[in-house]
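Straight from TrEMBL, the features:
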DOMAIN    28-219  domain 'Alanine racemase N-terminal'
MOD_RES   LYS33  N6-(pyridoxal phosphate)lysine
Amino acid sequence: MTVKENLNVINESLDACLKESDFSRPTVIAVTKYVTIDRAKETFNAGIRHFGENRIEGFKEKKLALPGGTFHFIGSLQTRKVKEIINEVDYLHSLDRISLADEIEKRAEQPVKCFIQVNTSGEESKHGLSPDEVVNFVQSLKEYKKIEVVGLMTMAPLIEDAGLLRSYFASLRKLRDRVAKLQQTNAPCTELSMGMSNDYQLATIEGATFIRIGTKLVG
Ligand SMILES: *Cc1c(COP(=O)(O)O)cnc(C)c1O
């Protein structure tokens, strides 16, 4: 399948989702971590402008090849690697600890748009803060001039139960609203990064503003 064909399928599916919800259309982030630069260029030519990568090397390669793209770092970021990448990142989706925030504060030349990663399902294998830690975490970032908390991000487990998946996405939305209500200057927290190939429809129905799609778009 061409990327264009895949994108048409996704767009039709999003149209259907938005008929049954009051939320707006999410921005599609093409997750290009599995694919070649040529395939990433095909994705750009199909009209996609947002790209996600989870490794430093792949991130730099794709960014160099696609001027005019907006680049999201979606993988977990080791503290000692922050200096190699932070000033090239348009959005970081994996802020999950103070030590990482400290290093960003030290190394970033401009404020960095960050999503706080939340482990909504409580699965041991998943990165992210537990939902009940998030408000305190945001408050502890108050004095950080290089951190802008634009929203919350989650990865749902690979399960079939649509009701359960929706409950994880809805809980992230409610948590986002709580954080936004703090009205903290560096934490507007308006965005929700949630939904991947297997669950982007459910995430959209629950108000995702960014969906991160790999396999079903570029795979
Ligand atoms: C790989 C990845 C995706 C995309 O996964 P697909 O299931 O291929 O759509 C989305 N988000 C993160 C954080 C990822 O690592």
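Numbering starts at 1 and runs along the chain as displayed.
Even glycines carry a Cβ here, placed using N, Cα and C.
The 10 Å shell around the Cβ of the residue listed as 'N6-(pyridoxal phosphate)lysine' contains 18 further Cβ atoms across the protein chains shown. Averaged across the domain 'Alanine racemase N-terminal' (28-219), pLDDT for the predicted model comes to 97.
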